Amino acid sequence: MHEMSVALAVVDQVAEAAGRAGDVTAVRSVRLQVGELAGVVPDALAFCFELVCAGTVLEGAELVTEAVPGRARCTPCAHEWAVGMPPRLTCPVCDGTGTELLAGRELQIVDVHWVDGGSPPAPAREPIPEER
Amino acid sequence: MCRVVDLRRAVLAKNDASAHDLRAHLAGRGTAVVNLLSSPGSGKTALLERELLRARERSVPVAALSADLATENDAARLARSGVPVKQVLTDGLCHLEAGMLAGHLDGWLPDGTRLLFVENVGNLVCPASYDLGETLRVTLASVTEGEDKPLKYPTAFGLAHLVVVTKTDIAQAVEFDEDAFRANVEQVNPGVEVILTSARRGRGVGALLDRALAAADGAPVHEPVMARSHPHHGHTHAQPEAADAMAHTHP
Ligand SMILES: Nc1nc2c(ncn2[C@@H]2O[C@H](COP(=O)(O)OP(=O)(O)OP(=O)(O)O)[C@@H](O)[C@H]2O)c(=O)[nH]1
Ligand SMILES: [Mg+2]
Ligand SMILES: [Zn+2]
Ligand SMILES: [Zn+2]
């Protein structure tokens with residue numbers, strides 16, 4: 001089950017970024033984009049994530065996964081479609097094979113919500129409200 | 001203070017970077033990697049035994065590395081061909097990663113090796129996500145596995161440069177429907193070549209070696225639709241050093 005390796009890669013990268021920032025005391029959540037064609041099962045990933053976070057600065061962090069549907073476009077006829085699962089990557093209109101995958105292979109860390117010891121900068125503008 | 005920090009990093013960025021480095025390093029040594037993926041027991045080792053012998057007959061310098069969860073049986077079989085062979089035990093890890101492969105090649109891969117065949121762990125899910133720095137990725141399926149295998153494992157078949165059907169000597173007995181299989185491959189990987197082989201009877205033996213040599217010599221390799229993706233999300237490879245600059249803060 002490579003969700004364990006994927007979870008480790010997520011935790012490593014976040015821990016590294018937190019280490020670089022220097023004064024991170026806790027990580028609340030990590031937001032991931034997981035494409036329909038990324039070959040990763042979000043539930044299995046969430047399970048592994050919890051295990052891998054234990055004993056790190058990410059202990060107790062929540063994994064928020066955003067599913068990205070697979071979309072494709074036919075270069076010759078410009079038709080765009082949802083590829084579905086199992087994916088159809090030949091054009092449903094002209095049967096062409098000059099397909100471009102627009103989305104669906106994402107496996108990416110979007111952002112991280114963490115707590116650090118820094119003091120808030122002087123607000124130059126309205127603070128951005130917390131997401132979610 | 002709480003911050004939401006934009007990281008914008010591909011989760012497997014480290015593997016991708018190691019694969020990139022390994023590919024460049026091996027290219028400098030004149031070696032191309034062929035990554036073989038299939039379910040357990042599809043016949044990777046059996047076909048490879050034949051291809052390694054063929055390479056020897058043709059005086060092509062090749063080597064093989066076989067990854068297995070626990071046993072050394074495959075390497076023992078492959079070594080009978082007389083080419084350099086290495087067994088890697090993954091200790092339960094279900095796939096190879098580029099950094100691991102690089103570590104195993106260090107100090108072992110003989111100079112002058114033209115092709116390095118890597119038999120990945122028998123598994124159609126996990127190995128598909130990890131680039132090993134290969135020049136040719138080959139996904140195999142035996143005739144006994146059902147024609148819908150490519151639809152059940154779309155990333156394994158969708159990212160292949162070449163698809164190999166194995167054990168065609170028993171195709172009739174299991175009523176393998178070649179047309180249905182080809183149609184399913186085409187659905188997830190339009191335009192990819194499918195070759196039919198039987199290690200038992202010798203059918204199609206040598207085709208894998210030919211394709212691998214052509215790729216190693218720089219002939220254009222099939223570009224799967226799935227590998228041609230252009231996510232709209234931008235700055236995938238943004239450096240984390242930039243993270244703080246992009247932090248949204250809130251008290
Ligand atoms: N009839 C027939 N049987 C084959 C052929 N190739 C392999 N086999 C049999 O299929 C079984 C598995 O073959 P292997 O070559 O060990 O398969 P593998 O993909 O290397 O297996 P793992 O490394 O365990 O994933 C063995 O019993 C082989 O004898 C073939 O061309 N025809
Ligand atoms: Mg084997
Ligand atoms: Zn796995
Ligand atoms: Zn079209």
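Here the Cβ of each residue, glycine as well, is placed from N, Cα and C on the backbone.
Note: TrEMBL annotation is automatic and uncurated.
TrEMBL lists A:His2 with the feature Ni(2+) binding site. Cβ neighbour count for A:His2 (Ni(2+) binding site) (all protein chains, 10 Å cutoff from its Cβ): 26.
Other C-beta atoms found within 10 angstroms of the C-beta of A:Cys74 (Zn(2+) binding site) number 21, with every protein chain shown included. Here TrEMBL flags A:Cys74, A:Cys77, A:Cys91, A:Cys94 as Zn(2+) binding site.
Checking the binding-site residues A:His2, A:Cys74, A:Cys77, A:Cys91, A:Cys94 against ligand 4, the ones with a C-beta less than 6 Å from an atom of that molecule are A:Cys74, A:Cys77, A:Cys91, A:Cys94. Contact annotation for chain B: of the listed binding-site residues (A:His2, A:Cys74, A:Cys77, A:Cys91, A:Cys94), A:His2 place their CB atoms under 8 A from a CB atom of that chain. Summarising the environment of A:Cys94 (Zn(2+) binding site), the number of other Cβ atoms within 10 Å of its Cβ, over all protein chains shown, is 13.
Sequence-distant contacts of A:Cys77 (Zn(2+) binding site), defined as residues of its own chain at least six apart whose C-beta falls under 8 angstroms from its C-beta, comprise A:Cys91, A:Val93, A:Cys94, A:Gly96.
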